[in-house]
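One structure is given below, encoded as structure tokens.
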Amino acid sequence: MGVLVDSQKEGFGSSWGGLKSLVRRKQVDSAHSKRSGHHQLAKELTVPHLIAIGVGSTIGAGVYILVGTVAREHSGPALAISFLIAGIAAALSAFCYAELASRCPSAGSAYHYSYICVGEGVAWLIGWALILEYTIGGAAVARGISPNLALLFGGEDSLPIFLSRQYIPGLDVVVDPCAAILVFIVTGLLCVGIKESTFAQGIVTTANVCAMIFVIVAGGYLGYNTGWAGYKLPTGYFPFGVDGMLAGSATVFFAYIGFDSVASTAEEVKNPQRDLPLGIATALSICCGLYMLVSIVIVGLVPYYAMDPDTPISSAFASHGMQWAAYIITIGAVTALCSTLMGSLLPQPRILLAMARDGLLPSFFSEVNKSSQVPIKSTLATGLVAATLSFFMDVSQLAGMVSVGTLLAFTMVAISVLILRYVPPDEVPFPSSLQESIDSVTLRYSQRISGKNPETNPETSTFVDSSQPLLGNKNVAVDCLIIEKQEAQAYWTLTEQNRRKIAGWTIMLLCVGAFGLTFAASNVWIPSLIRLTCCGVGGLLLLSGLIVLTCIDQDDARHNFGHTGGFICPFVPLLPIVCILINVYLLINLGAATWARVSVWLLIGVVVYVFYGRSHSSLLDAVYVPAAHADEIYRSSGDSLA
């Protein structure tokens, strides 16, 4: 029995063919690992920088509109509770991100975690979906800035001719020069350096937060003087019932998307084990607090049914004689869009960088500038594509596709936490260049396992002397009873191998149950009997999985997995399971049109992976070795990869 596990052979069988590449997993960056020929990103970020990135990427201009739409159609005066529930749901994903980001602090975010815990195939799809998310998201945000800028200057046609939107009859498109220019400006900032761009984002985010604080303070003063008319309604606090309030939570959940941008900068954080969890938690808490306070004030100023769905905050102040407040609110919306644009363009170059480092994309994207320590080529490519889209296309109809990438990433991060806790990778990929050292350690362990004759090799043997009687003077009857008792205990004891198998199958069935339950519950067109059956089976799988994972022990290897000493996600397995259920439910309810568009993009990704990524992967010729023997192989090679 050797210690080697060849990625090309073990566990797959020849019948798998090319599919075996889908489940190969990479190693967490450690003290031994290095990226030959690759420069590292600059470690410049601290907690304040991470908070600026998280808050700036999360609080967009949507909140200035969302409060009116959700209050009118779903939540009523209970809008603040909807934001609270959505914030708690987002916090579940944030807990999972915090543990993985501190354990695996490298560029790539959810793509990186999926590659380590699940496999190359799933990681590729997550990375490909995130590329779509950040590209469409950045273009959509940039496209929304020019109308708000025009409001500051007096109206839609008040911008200078070189910034205003123009209709081109021959192409039947409306071009937006302002959007493209802003994308190029942000791209230039990102190329200067991570610290400089984050400082600029912090300034813009501060202006946005100040505008929201103005809404809270001035609106609270007006509400106090006018008696909070919005809460004195005969319909009560829940005019649409608890169901309406929960529906509002599902809608405003997307206002919390953005904190995952913090995880994408993990490689650039000075102390990732401490700062990343603090940055994620603080940013999400600030966003939730601001959302709730703004919604409490606005719903109290104007009855929910009288809110303007397009400009709810400005209209609420105008109804109390403060028309000038619209300028401050518009400034807040513009700064919110600018900070969100920076938050959209910041992570994508790092996703491209991580995928190129792993060989799944051309090495062009993995180059890091020596002076600024920024992936400039990836950043320029990202900016060019986003600027082109924002200039020529109205991407508002594609905005739903942004949510798919985010929710897929959230789901996979929660699954990765379960895998890390119960079935963490127990094999380490080694480059084939270390084959000689691997063979040497293999031979040494093979000799230990086979147990050579102690008379021929007494120094390495730990066996008893064969000249001594086997039983000596021991009581044979007592020994037999002890052996029978030990065999009985072994029969009822769960072995490590069986525990891993049970945990692995349970996690897979959990995902199947979450999909079945949410799909059946969300689609009322399914016949009642089939729908109830699917809900029952899905719920049973979820409940059974929760019970099984609660009863069996978590893997001891989790204590040494990745970089230790960081944040540990609480309430495992309950928290990740609830996180999976929520995100799968939101994914299914995105609509058929959105999924049709995303499917086209994912199919393109499959083609790219099959014809390029699979054959250029850095793990193509990797040799897998049990993690317990990895340090000895590194020592034997004499080539520390630090």
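Each residue, glycine too, has its Cβ placed from N, Cα and C.
All TrEMBL annotations are machine predictions without curation.
Worth saying up front: this structure is predicted, and the values here are computed from it rather than measured.
Lifted from TrEMBL, the feature list:
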type	residues	note
DOMAIN	567-617	domain 'Cationic amino acid transporter C-terminal'
TRANSMEM	79-98	transmembrane segment
TRANSMEM	110-131	transmembrane segment
TRANSMEM	173-194	transmembrane segment
TRANSMEM	206-224	transmembrane segment
TRANSMEM	236-257	transmembrane segment
TRANSMEM	278-304	transmembrane segment
TRANSMEM	324-346	transmembrane segment
TRANSMEM	398-420	transmembrane segment
TRANSMEM	502-522	transmembrane segment
TRANSMEM	528-552	transmembrane segment
TRANSMEM	564-588	transmembrane segment
TRANSMEM	594-612	transmembrane segment
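In this chain, the transmembrane segment (236-257) lies in contact with the transmembrane segment (278-304); the count of Cβ pairs under 8 Å, excluding pairs fewer than 6 apart in sequence, is at least 3. Looking at which of 206-224, 324-346, 398-420, 528-552, 594-612 has the most CB pairs under 8 Å to the transmembrane segment (110-131), the answer is the stretch 398-420. Contact between the transmembrane segment (564-588) and the transmembrane segment (173-194) is not supported: fewer than 3 Cβ pairs lie under 8 Å, counting only residues 6 or more apart in sequence.
Helix, strand and coil content of the domain 'Cationic amino acid transporter C-terminal' (567-617), in residues and according to DSSP, is 40 helix, 0 strand, 11 coil. By number of Cβ pairs under 8 Å, the transmembrane segment (236-257) is matched best by 79-98 from the list 79-98, 206-224, 324-346, 398-420, 502-522. Counting C-beta pairs under 8 angstroms (sequence separation of 6 or more), the transmembrane segment (324-346) fails to reach the transmembrane segment (398-420), with fewer than 3 such pairs. Over the domain 'Cationic amino acid transporter C-terminal' (567-617), the average per-residue pLDDT in this prediction is 93.
Counting only same-chain residues 6+ beyond the ends of the transmembrane segment (79-98), those with a CB under 8 A from a CB of the stretch are 67, 70-71, 245-246, 248-253, 255-257, 259-260, 262-263, 276-277, 280-281, 284, 287-288, 291-292, 295-296, 299, 304, 410, 413-414, 416-417, 567, 569-570, 575-576, 578-579, 582-583. A Cβ distance under 8 Å defines the sequence-distant neighbours of the transmembrane segment (173-194), meaning residues of its chain 6+ beyond its ends; these are 41-42, 44-45, 138-139, 142-143, 145-146, 149, 159, 162-167, 200, 265, 268, 338, 341-342, 345-346, 349, 369, 372-374, 376, 379-380, 382-384, 386-388, 390-394.
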